[in-house]
Each structure stands twice: as structure tokens, then as C-alpha cells.
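Read the structure below first, then the notes.
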Amino acid sequence: MLRIPVRKALVGLSKSSKGCVRTTATAASNLIEVFVDGQSVMVEPGTTVLQACEKVGMQIPRFCYHERLSVAGNCRMCLVEIEKAPKVVAACAMPVMKGWNILTNSEKTKKAREGVMEFLLANHPLDCPICDQGGECDLQDQSMMFGSDRSRFLEGKRAVEDKNIGPLVKTIMTRCIQCTRCIRFASEIAGVDDLGTTGRGNDMQVGTYIEKMFMSELSGNIIDICPVGALTSKPYAFTARPWETRKTESIDVMDAVGSNIVVSTRTGEVMRILPRMHEDINEEWISDKTRFAYDGLKRQRLTEPMVRNEKGLLTHTTWEDALSRVAGMLQSFQGNDVAAIAGGLVDAEALIALKDLLNRVDSDTLCTEEVFPTAGAGTDLRSNYLLNTTIAGVEEADVVLLVGTNPRFEAPLFNARIRKSWLHNDLKVALIGSPVDLTYRYDHLGDSPKILQDIASGSHPFSQVLQEAKKPMVILGSSALQRNDGAAILAAVSNIAQKIRTSSGVTGDWKVMNILHRIASQVAALDLGYKPGVEAIQKNPPKMLFLLGADGGCITRQDLPKDCFIVYQGHHGDVGAPIADVILPGAAYTEKSATYVNTEGRAQQTKVAVTPPGLAREDWKIIRALSEIAGMTLPYDTLDQVRNRLEEVSPNLVRYDDVEGANYFQQASELSKLVNQQLLADPLVPPQLTIKDFYMTDSISRASQTMAKCVKAVTEGAHAVEEPSIC
């Protein structure tokens, strides 16, 4: 069953979306021949005229058509002539027929496009000099290429009242050409039916009908797909032109998905963040936190080293003084008297440098803020803590069981993949945990973790659904593993996954077991041998503690001896810095070339877009300098040498943009039998239940005024956020 209209689903197929609809193997053998301006091309039945033209490299103008959305056919800019046909046809919506000769540059085609463009420009305001879309506007480009050189319109232009849909998207609806891309994105990709049209003909308007915030974690993507300047970025308004900015390809670290992004900078400042195409991860979308939290990069920053004086106050100092103090304390302790905690935004290079430094003083107490059970297989088997099916792999699944997670806010782009498969492939989804709005229908099996034992034993009705599935996925949220019975939950999920693999029709290379992480540094830290959670530090408090970007509040001053010497190294004055005796300012992800590993085990690199503010430096360089002053010099001086060291410890960390398949599920299941199987009666409640919990989850987003406005708008309404009254 298709959950979108059949005609729209078939006509809207493109290279990027064909894989998500199951087709018969005979389709490829039934190719038909058509001609584009006399040039022969072989295409599959159902291919549209527009797709056939693109196959031979002929670009057809369009406004409403988008490769990842259903076909609307309402802008008519893609009109082309078919030889011997009485009228021009809309190329985006018309399937080709055998023997057709498509004329893309005939006089009839040119006249039709010119007429459509004239109608579109009739009511369009001459805002180009003050429009934020200027320089990357489809209407500008296509009016130059396909429009007339003069206007015949003398009547008054219509004006439309702007809509307030929140603090992120700025609307100037007089510029709207009713292409409905934003409406289709909202309903099909984001799964939120907040946008629609009212009125008809000249009175048609796009909006929310009643004034309200556009309640979606993916709302910023409508800015990218809007072909005109009707929808632009509020935080970016009137700040820069696209040709003034320098573009740097990088990745996002706001969650564990690792979305590919482009960082636009000017004069050493991040001006905006845009999505970058990566079919296996984020396609061409990014979350609102990824897109709009960049203003947090210039607020609450640590720009100079600081030390705590005799009065207990933190004061500025030099790098030499700060590092000398830390080195002196480091030389005073040995073994587990020295410990470290790594936060959620730390890169792999800093993790290996800190590990090597503490190993020099015979300490192996290196912990992460996130807990992951070490009982049973624990972190010894890499497949035990990865999203093994991969992010794109969910499009092949036929059943998904979500356990203790809300992927909509923990991993928005992964949730969009699930919705895509649910929409096109008849994917069946079930959830164990608190009921949440996932933007697609699912079976709520309850919120008790004991349901896992019923499914494993076969006594639960959903057990049969899993047994009959050909490609099932069990996805366990990392938030569920923070509980006291996290080990038992992991063991139960591992047991279910292994039983499905061995007793149903699952193919040998299909991976059932999946862990969905929430933070960017966790997989790399586990790969490098960090201990998940701070239990070891709480049981045996150290005399010296390194907090490497640790702002999760997992440990407080009260948990440590009064004389414990705390060093905080990071880029924001958030939770960790105020309790430190020495603060070492580090670089944020836009200010360094660094390695991060996403939840599926894919290593990727951030790139230097701007220089760190003030005296801040890259984390691994700070640790390397500290080691030299302390007389225990680490054996690397360059970034390449650090990455060679990464390769020695864990080769996966330098196999960039590659996912290595792991298949140790049977061993993990056997080892899980050694775990205490006792489950608590407490319900599984993910920490991010609503969109209000999505916006401020790390030191960067908590420093962002834009994210604070989003929380206020969600809580009090879009009208509660005052915006400057300019254009």
C-alpha cells in the first residue's frame, strides 16, 4: 500500500527516490526509445518528459518540480512541445510514450515559457536589491534565460500580508509564486501539515490559516527549496550576499547523524550553515538546530586561559602560566589519581591525545558522559554499539521496532528516512516507550521494558510480525541505556535481534541490531577504549580531573574531594567551566579540521571555516603542548601524525566516509546471557519528548539566542518573540 496518491508517487520518481519504491525486476528490460531534440535516449516506462530530457543533459526550467517531492505541475514553467502534439505539455508531470520527439527549444516552447514567466512576474514585486534570495534566486535566473526583455503589465500589483510562522523562517508572501514546494515538503518530508493554501486564483495564499509557529524540527529546509524570496532565514536577514561569503564543506556535530553541511563565512564569522548533499546520510536536508544554532558559536566563548586565584575567582592568565600549573599537578599524581571525562562535541584527535597523555601517568580512567553497558559484550564488539543497518538502510526495511527512543528529536534526519520508507514502502513501525509524535503512524506496544522479554519469548503478538519480516530492524535509543537496568535492556534487545536473524527469513547479510546514539563523540570514544559513563570516577574519586568539553553535568564539585584539581578544556563557558581550577580555551567544530564518527560508524571530517576566537587553540594541540611542559612529550607534532596514531589504535577512525560491516551479533547474544536480566518496572521515557526539548541540548545550542527564541515561541506562541521591524 502506498501512503501517497499513486499518480504522484510514480510521476515524481527520480534518480534520488527510485530506490525507495519496490519495483519488479522486469522494468529495466522494458526500456522504450524517445527522442529529445532528435537525440535518441532509452528510458524506463513511467519516466517523465523532464527526466528524459535531463538524461541527455538538457536542463528544463522549473519552479514547482523538486526531485524529492511529489509532482504538482502548477507552475507550468517546464512546458515543452511534443512533435505532432496539438499543445505543449508540462514536462514534470507527463510520462513519455514510445517514439516521442520532445522539442525543448522550438519557437512554440520558447513562447510558452515566455508567457508563463510574464504571468509569474506580473504580481512579483521588484524587491531584488533588498531580497535575501538575490544571487541564488531561481526566478532571477530563469527570467533572464527564458523571459521577455520588457513588461506589458501596467495594472496595480497585488500585495499579500506576511505570515508569522516562528523565529526561524521569514515570510514575504507578496513574492510567493504558489509553487507549493513548502507545502509538499511539510506534509511529505517533515510530516507536519501546518502549511496549506487558502483562496483561489489571484487570491490564493500560502500560510498556516491561523497564525501559529511552523512546528517542525526540519522547518528551515523550506528556505532552501523555495525558488523565490518568499521564504528566507530570519537570523540571516540582511547580513550578507552569497557572493561575499566563503563556503567550507564540513559536517554537523549537533547530533550523532553527522549531516553534511556547508559553512558560509565572511570576515572570520560564520554567517549561515546550509545542507550539503550526501545520499547515505542526510540527502539534502538538515535539522533546524544544525542550521540555526551557529550564533551560539560567538556567545559565551572561552577566549583566554583562566586560573582560580586565592580568593576562589577565575582570572585571565597566559598560556604558559596555565599549562605550567596543570603540568605541575599532573607530575604530582600517578595512576587513577588522574581521570578524564570527554563531552559530546569532542573530536577523535583530542580523544586519542588525552588518552595517550593519561596513559603516560599510568591512568586508564578515561570516561564519557554517556553511559553504555559494559556487561556482556559491552563495547568489546563494535557491532554492539552501532546503527548496523545504516541510515540509508532503513529504506530497505519492512519492519522497525523502536525501543526507548524518540528519533524525531534525537536524530531528525534518521527519522525523516523512516518516514520516507513508511510513506513509500509500506514500512510497519512499532514503539516501546512513551508515546510521541513521530510524524508517521506506529503501533504503540507500551512503555514497560518488560515487553522486550515477552517479545523475546514469543508470547507477545508483535513477535510474529518480527518473525515474518524479511528485513526487520530493532533500534535501541542510547537514552534507554542511561538507566540502571540499561545492561538488561541491551541484553534483551540483543536476544530479540539474534532470534529474528536465526529463526526467520532474514538474509545472512541483513543486520537487525541497531543502536541510535544522540551525541557526536560517543562512537569514536568507544572505538578508542574510553569507559562509558562516570561510574568509575564516582566510585574512586580522583585527585586531578580533566573535563574535555564535558558540559553534560554528569559530575559536580560535590561528587569530588574538596582538594580535587579540575581542568576544563573546551570552547564554551557552560556547565563544566565554572567548577574548574584551570580553563584551557579550545576550538569549536567550525574552527578545526577534526574527525567525528556518526552513529553508523562512518568517520567524517570537519574543516576549518574560521579561526578560533582570541587565544583559543585546537584541543589536540593544547594537550600536546601540555605533555611537553610536563616532560612526557607525545610523539606527534602534526595533524597527519595524530591521525596515524588514530589508525594504530582504531583503523576505522581514518576510513573516511566508509561504513565497515560488522557481524558479531551471535557472539554478542551469547555474552548477553551473562548479564543480570532483571528489568525495572519504570517506563521507558526518552529525554526529548517534545520539540521544546530539541532546541537546546549542548553547549553551542544553549548559547544560541535563536534557539532560545524557538523555545519561547513553542512555549508561548510565535507572537511572543519580538523581531526587528525591518522589511
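Any Cβ shown, glycine's included, is placed from N, Cα and C.
Annotated in Swiss-Prot:
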- 1-23: transit peptide (TRANSIT)
- 30-108: domain '2Fe-2S ferredoxin-type' (DOMAIN)
- Lys84: N6-acetyllysine (MOD_RES)
- 108-147: domain '4Fe-4S His(Cys)3-ligated-type' (DOMAIN)
- His124, Cys128, Cys131, Cys137: [4Fe-4S] cluster 1 binding site (BINDING)
- Cys176, Cys179, Cys182, Cys226: [4Fe-4S] cluster 2 binding site (BINDING)
- 245-301: domain '4Fe-4S Mo/W bis-MGD-type' (DOMAIN)
- Lys499: N6-acetyllysine (MOD_RES)
- Lys709: N6-acetyllysine (MOD_RES)
Quiz item: What subset of the binding-site residues Cys176, Cys179, Cys182 lies within 10 angstroms of His124 ([4Fe-4S] cluster 1 binding site) at the C-alpha level?
Solution: Cys176
Quiz prompt | Sparsest-packed of the listed modified residues (Lys499, Lys709) - C-beta count within 10 angstroms | solution = Lys499
Self-check item: Local confidence of the prediction over the domain '4Fe-4S His(Cys)3-ligated-type' (108-147), expressed as mean pLDDT
Solution: 94
Quiz prompt | recorded positions near Cys226 ([4Fe-4S] cluster 2 binding site) (Cα-Cα within 10 Å), from Cys128, Cys131, Cys137, Lys709 | solution = Cys137
Quiz item: Roughly how many Å separate the Cα of Cys182 ([4Fe-4S] cluster 2 binding site) from that of Cys131 ([4Fe-4S] cluster 1 binding site), to the nearest whole number?
Solution: 19
Quiz prompt | Residues in the domain '4Fe-4S Mo/W bis-MGD-type' (245-301) grouped by DSSP into helix, strand and remaining coil | solution = 11 helix, 23 strand, 23 coil
Exercise. Find the one among the recorded positions Cys128, Cys131, Cys176, Lys499 whose C-alpha lies closest to that of Lys84 (N6-acetyllysine).
Key: Cys176
Quiz prompt | Separation of alpha carbons, Cys128 ([4Fe-4S] cluster 1 binding site) and Cys179 ([4Fe-4S] cluster 2 binding site) (Å) | solution = 19
Quiz prompt | Helix, strand and coil counts within the domain '4Fe-4S His(Cys)3-ligated-type' (108-147) (DSSP) | solution = 27 helix, 0 strand, 13 coil
Quiz item: What's the CA to CA span in angstrom from Cys176 ([4Fe-4S] cluster 2 binding site) over to Cys131 ([4Fe-4S] cluster 1 binding site)?
Solution: 13
Quiz item: Which one of these binding-site residues, Cys128, Cys137, Cys176, Cys179, Cys182, has the sparsest Cβ neighbourhood, judged by other Cβ atoms within 10 angstroms?
Solution: Cys128
Exercise. Determine, for the [4Fe-4S] cluster 2 site, the additional residues of the same chain whose CB lies within 8 Å of the mean position of the CB atoms of Cys176, Cys179, Cys182, Cys226; present them in sequence order.
Key: Ile177, Gln178, Thr180, Arg181, Val206, Ile222, Ile225, Pro227, Val228, Ala230, Leu231
Practice problem: Can you check which residues sit near Cys131 ([4Fe-4S] cluster 1 binding site), meaning Cβ under 8 Å from its Cβ, same chain, 6 or more apart in sequence, and list them in order? | Solution: Cys137, Ile172, Arg175, Gly229, Thr232
